[in-house]
Each structure stands twice: as structure tokens, then as C-alpha cells.
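First the structure, in the form of C-alpha cells, and then the observations on it.
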Amino acid sequence: MAAAALLAAVDRNQLRRVPILLLQPREWPWKHRTVKYGTTPGGSITKVLIANRGEIACRVIRTARKMGVQSVAVYSEADRNSMHVDMADEAYSIGPAPSQQSYLAMEKIIQVAKSSAAQAIHPGYGFLSENMEFAEFCKQEGIIFIGPPSTAIRDMGIKSTSKSIMAAAGVPVVEGYHGNDQSDECLKEHAGKIGYPVMIKAIRGGGGKGMRIIRSEKEFQEQLESARREAKKSFNDDAMLIEKFVDTPRHVEVQVFGDHHGNAVYLFERDCSVQRRHQKIIEEAPAPGIDPEVRRRLGEAAVRAAKAVNYVGAGTVEFIMDSKHNFYFMEMNTRLQVEHPVTEMITGTDLVEWQLRIAAGEKIPLSQEEIPLQGHAFEARIYAEDPDNNFMPGAGPLVHLSTPPPDMSTRIETGVRQGDEVSVHYDPMIAKLVVWASDRQSALSKLRYSLHQYNIVGLRTNVDFLLRLSGHSEFEAGNVHTDFIPQHHKDLLPTHSTIAKESVCQAALGLILKEKEMTSAFKLHTQDQFSPFSFSSGRRLNISYTRNMTLRSGKNDIIIAVTYNRDGSYDMQIENKLFRVLGDLSNEDGYTYLKSSVNGVASKSKFILLDNTIYLFSMEGSIEVGIPVPKYLSPVSAEGTQGGTIAPMTGTIEKVFVKAGDRVKAGDALMVMIAMKMEHTIKAPKDGRIKKVFFSEGAQANRHAPLVEFEEEEV
């Protein structure tokens with residue numbers, strides 16, 4: 001049966017929305033006193049509104065449910081069928097997909113809180129979580145804001161102010177400029193005085209937005225303007241500060257909690273050094289290689305920082321640390337962090353429960369001496385992104401999604417299910433995989449084992465990248481720093497990854513067996529004795545025969561000569577190498593598995609066939625093998641875009657630097673696109689003259705839409 005006919009039978013519209021099994025209440029494997037709580041907070045919180053979406057909304061709802069607190073969700077039009085909407089006791093629409101019209105619309109959220117009789121609002125992280133005006137708005141309306149007072153958000157949210165407060169409190173700070181003169185000339189002058197490389201950062205917000213490393217005076221102006229645009233878009237404030245950039249530092253942060261009674265504690269540190277685009281990708285607790293004395297000094301400095309602003313609730317004090325374990329205050333995030341689960345795993349706490357109880361007026365549940373530190377935990381952030389394309393964020397449907405089974409040491413923190421869509425309007429994080437074990441090496445082995453079980457089809461993800469990262473010898477040794485990915489780029493992002501011929505044989509076997517399944521199904525339903533499907537069995541007249549198959553790895557076609565043997569096995573020849581192949585397909589728990597033997601080596605893989613592509617997932621890794629489609633069935637090829645540039649993803653055109661008639665050189669900036677809350681510069685692929693610009697500033701461009709056309713060059 002032709003591969004094209006087989007593919008036509010795969011209907012991707014028949015997606016099932018499959019729920020994710022989440023972590024059950026943990027039974028701690030180490031012998032230590034676990035804190036017992038009552039069923040409801042000591043204050044008046046019986047209903048909480050979560051002013052957020054995705055996995056953090058689901059996370060808060062689970063704890064609220066455990067405590068007997070009713071939950072209220074809000075959602076945009078894009079999130080109407082989202083997981084957090086289904087989980088909540090009540091859910092209310094608050095507007096269109098763009099965040100400014102929904103999740104950042106303070107008046108709408110306050111109105112929902114009032115109409116639903118919610119006594120408190122949990123902001124999650126991002127969106128309004130560090131918005132001083134929103135915290136004050138809640139207070140004025142008599143609604144409990146589950147977070148610090150607005151004054152603490154103000155003091156810590158403006159980085160220039162926080163640096164001064166920290167210095168006065170005896171917290172070490174980095175040399176830099178935090179002044180009010182925000183002219184380009186003044187900032188450039190101070191950068192020169194501090195000495196390159198420097199880091200410029202938006203004085204508000206976080207998440208790597210509005211942040212640039214500048215290594216020379218030559219690139220200062222371009223990077224400053226780009227950082228200002230991104231900061232203005234994200235935080236509505238383009239003011240900047242400048243700091244001396246510490247080369248190859250570690251990013252170490254401390255979880256703190258304060259209450260209304262003047263108490264403050266630290267729950268040890270997390271190492272979040274390994275980052276891309278200044279955003280964390282893998283975190284661990286405790287930080288590797290930190291001795292107890294440094295850990296104590298870190299924690300005490302973080303508590304001093306919290307007390308300096310009368311902090312209440314969950315917060316994170318971030319430090320940069322040099323190779324000698326000297327540390328310097330960087331900023332304080334006045335909210336619950338994305339990576340808070342690793343702290344929960346090593347301390348046996350529920351930090352969301354602590355938030356709710358402290359917001360209701362209770363004291364911190366444990367004294368500093370009572371907070372345990374046991375074992376080691378990792379969190380890997382699973383993103384819809386393409387690591388091979390500078391970690392370009394992606395969007396699209398989760399056609400297939402299967403995860404490792406949650407257990408007492410494995411958590412899946414997510415807000416999506418199979419069949420859901422990763423939206424272009426929001427952050428592309430799919431899930432957080434969190435694991436715990438008694439020591440770092442065991443936890444790392446658990447992380448890699450679990451990543452192998454995280455299988456996603458429908459859009460590109462960073463799972464394979466995380467496997468390479470967690471398996472790198474320097475990462476295993478704990479030699480982490482913020483330049484880890486650039487330093488080990490060749491190991492982590494190999495340019496040419498050739499699929500093993502044995503894996504190609506497995507893919508070919510899976511396709512052949514799938515063809516046999518389909519032809520058998522046709523045979524059962526046809527009455528036409530002359531139909532080729534009425535007698536197709538993979539063999540003819542009980543004799544061997546040979547066919548040629550073509551599969552594709554990247555842009556390279558692979559020719560496989562397949563001989564069907566009478567005993568049901570296959571001889572496959574790729575180039576000059578011969579393989580004896582046999583196996584079968586089976587269904588387990590709703591998934592198709594390929595059991596195969598290639599030259600006597602047995603293996604088992606999950607087998608998925610979708611959209612001209614074969615996906616194989618096994619404990620050895622994952623592969624994708626394409627099935628070439630005849631040219632007369634193919635859409636316009638990518639070569640048709642050589643005369644210009646195309647949009648790498650769906651987004652909004654923020655700036656246009658060129659017009660028709662302009663001459664440009666390869667690498668010149670043509671446009672700036674905002675997508676997935678990040679700024680992407682579209683650069684000229686070659687020297688030439690612009691013939692046409694297809695989009696103006698503010699316009700929405702779909703993925704692969706032509707942006708700029710070049711004039712044809714005379715030969």
C-alpha cells in the first residue's frame with residue numbers, strides 16, 4: 001500500500017483531550033517530622049480567585065482544593081477550554097486573547113472577585129503578580145492580595161531603589177549605575193566608567209526581558225534601544241540600570257517567607273545558573289558545591305533583604321555568585337517563583353499553602369531551626385521551542401502527549417493536556433518536570449529517566465536538548481554557570497546529528513507493519529476481488545520479493561532496499577550495509593509500540609505516525625524520520641522564499657527599519673517582531689536592494705509569511 005494512502009488515513013482532527021495525572025500528596029521517603037495543617041486557613045479565606053492561567057493556576061487550585069478553599073478561575077477567549085478552567089470551582093471570561101485585554105486588565109479581575117465573593121486573589125507569577133498598583137487596588141477594594149504589601153513590591157520592583165535599600169541593610173551589591181538620568185549619553189558614559197562588559201537591565205520586571213549583555217561600546221546603542229523597546233512592551237517602563245557584568249557567574253537564589261507578625265525565614269537556596277535568552281531552563285535545590293557556612297550566610301542575607309522592606313508572603317532573593325562563592329544581590333522577585341517546587345521537594349512543604357495561611361493572618365508555620373533540608377531536587381522546564389533555531393518559541397497543538405507516571409518523587413506541573421494548543425499569545429512553557437532523590441547524582445539519574453518518558457508530537461520541544469544538557473559531564477559534576485550553554489554549545493547543539501542506520505531500519509519496519517495493518521483492514525471491508533487490497537499480505541505467492549523505500553532525515557533522503565522474506569523477517573540494505581530485521585506492533589495503554597530486532601539487537605519503542613513523519617520514542621532517545629511526499633502533492637517549497645525573508649513564527653511587527661529601494665548588507669536588521677513575549681530581530685539573509693516590505697509596524701504576521709522581498713540581482 002502506498003505511504004501516501006496510509007498517511008491519508010491518519011486523521012489529526014480526531015484528537016482526544018487527555019487529562020494529565022498529577023502528583024498525589026507526597027509520602028516522604030525520609031524520616032523527618034512532616035508539618036500537619038488543619039483543613040482551612042485561620043483567617044477568612046474560603047474562596048480565592050487565581051488571576052493567572054496555565055500550570056500555576058492549576059497548581060494553586062490543587063492546594064486550595066486540599067485545604068477546602070473554593071477556587072475561581074479567570075480566562076481569556078483563547079483559554080476557554082483550558083485545564084485550569086476545568087479544574088476550578090467557578091470560571092469567568094475576562095476578554096480577548098491579548099494579555100492587555102484579559103490577564104492584565106485589573107478592573108475586570110477585581111470585578112470578577114467581587115461578583116464571585118472571593119475574599120482573596122492569588123496572582124501566580126508573571127502578569128499582575130509584581131504590579132504595585134494591582135496590590136494597592138486589591139487593598140482599596142477590601143480584597144486580600146496574596147503577596148507582599150504594595151510598598152515592598154515598589155521598593156524591590158525598581159531595581160535602582162532596591163540596590164540602595166540592600167546596601168543600607170548590609171546585603172552585598174554589584175558595582176553599577178542606578179541613577180535617575182536616563183539619557184542615552186549618560187548611560188553610555190557610565191558603561192564606559194564601569195568598564196565593558198556591562199549588563200543593562202530594565203529597572204522593573206524580570207524573566208530576562210529588557211536585559212542585554214554589552215561587550216563593547218560599538219554595540220551599546222543598538223542593544224540599549226532593543227532593551228528599552230522590550231522593557232516598554234513588557235513593563236510599560238523603559239528605564240534602565242547598568243551593572244558590571246560578572247563573567248561566568250552562578251545564579252543562586254534564596255526562597256524567603258515573611259508574615260504579618262514580623263517573622264521571616266529562608267528555605268535554602270536554588271541554583272538556576274543554566275539559562276538561555278537570560279531565562280532559566282533547569283533548576284536544582286540545594287545549589288551544588290555550597291558548604292553549610294556559605295548556605296547560612298546566603299540565607300541570612302536574604303532574610304535581611306526581606307526584613308528591610310517589611311516583606312510578607314513568598315519571595316525570592318536572587319544573587320550572582322563568583323567562583324570563590326562571593327555573592328552579590330541582584331534582585332528580589334516579590335512573588336512565588338516558577339521553580340518553587342524544588343524547594344518544596346527538599347523541605348517537605350507546600351509553599352502555596354503557606355501563602356494562603358500567611359495571607360489570612362497566620363504566623364509562618366515553622367521556625368528557622370525546624371525547616372528541614374533533605375535530599376536533592378531538579379526541575380526541567382519543558383518548552384515549545386526549537387533549540388536548533390536559537391530556541392525560537394513555537395505554538396501549535398499537542399497532538400500526542402505522554403508523561404512519566406507521577407510518584408512520590410516525581411511531579412508534573414502543567415496546564416495542558418493532549419489535544420490542547422500551546423498559544424502564540426502566552427509563554428510557550430508546556431510543563432515543569434520535577435524530581436527528587438536522596439542525593440544529587442540519584443536525582444539527576446531520575447531526571448534523565450523521566451525525560452525519556454516525556455513524549456510530545458505536534459510541535460518542536462526542548463526535551464532532547466534537556467537530555468543532552470542533563471547528561472553532560474560538566475553538568476553532572478555540578479560545574480554550572482550562566483555561560484554553560486554557550487560554552488558547551490557544540491556538545492549541546494550538534495550541527496549534524498546523523499540518525500543511525502539501525503534506527504532507520506526500525507522506522508522502516510514500523511511503516512511496513514502499519515501498511516500491513518491498513519491493508520488487512522481494507523481487505524475486511526472490500527468486496528472487490530480484483531482490488532489490490534483484497535489479497536495484500538506483504539508477500540506474493542509465498543516467495544521473497546524486494547522493494548525500494550525512501551525515508552528522509554532532515555533534508556537527506558535515505559534509500560532502503562527491503563527484501564520480504566518468507567519467514568516474516570526483512571532484509572534491509574542501506575548503502576552497503578545489510579540488516580536482518582523483524583518485529584511486530586502492539587497496543588499498550590492506548591499507545592502503539594514497535595518491538596523490533598535489528599541484527600539480533602532487540603528494542604522497544606513507542607511508534608507514532610503523523611503528517612508524513614514517523615516518531616520513535618525509546619529509553620535510548622527519540623528520532624523523527626520523514627516520509628517524502630511526491631512533488632505534485634507538495635506545497636510550495638522553502639526555496640520559494642530565497643528572494644526575501646519570512647516570519648519565523650506568528651507575531652506582531654514592532655519596528656520596521658527598511659523601505660522599498662533601500663540597500664542592505666547581510667546581517668542588517670530589517671524588522672523587530674514581538675512573539676511569545678520576546679523580541680526577535682529579523683535580519684537580512686544577503687546583500688541586496690529591498691523591492692517590497694509587506695508589513696507595517698503594529699501588523700500581525702503569521703508564521704512563514706513573507707516579510708521582505710529583494711530585487712532580483714542581475715547576473
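Just so it is clear, glycine is given a Cβ too, placed from its N, Cα and C backbone atoms.
Here Swiss-Prot flags 1-38 as transit peptide, drawing on similarity to another entry. Annotation comment: Swiss-Prot describes 45-490 as domain 'Biotin carboxylation', evidence class sequence analysis. Per Swiss-Prot, ATP binding site is recorded for LYS159, LYS201, GLY207, GLY208, HIS251, HIS278, GLU318. Marked as domain 'ATP-grasp' by Swiss-Prot: 163-360. Sequence annotations record features per position, and here Swiss-Prot assigns N6-acetyllysine to LYS193, LYS233, LYS490, LYS577 based on similarity to another entry. Feature annotation from Swiss-Prot assigns active site to ARG335. Marked as N6-succinyllysine by Swiss-Prot on the basis of similarity to another entry: LYS577. Per Swiss-Prot, the feature domain 'Biotinyl-binding' maps to 622-711. The N6-biotinyllysine annotation in Swiss-Prot covers LYS677.
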Candidate modified residues LYS193, LYS233, LYS490, pick with smallest Cα gap to HIS251 (ATP binding site): LYS490
From recorded positions LYS159, LYS201, HIS278, GLU318, ARG335, the one whose Cα lies nearest LYS193 (N6-acetyllysine): LYS201
Near-site residues: ATP, ref LYS159, LYS201, GLY207, GLY208, HIS251, HIS278, GLU318, CB cutoff 8 A to centroid: GLY206, MET211, MET330, GLU331
For GLU318 (ATP binding site), the number of other Cβ atoms found within 10 Å of its own Cβ: 20
Between GLY208 (ATP binding site) and LYS233 (N6-acetyllysine), the C-alpha gap once rounded to whole angstrom: 13
Reduced DSSP assignment, LYS159 (ATP binding site): helix
Rounded to the nearest Å - Cα separation of HIS278 (ATP binding site) and LYS490 (N6-acetyllysine): 19
Whole-number Å value for how far GLY207 (ATP binding site) lies from LYS577 (N6-succinyllysine) (Cα to Cα): 50
The one of LYS193, ARG335 whose CB sees the fewest other CB atoms within 10 Å, among these recorded positions: LYS193
Candidate with sparsest Cβ neighbourhood (10 Å radius) among LYS201, HIS251, the listed binding-site residues: HIS251
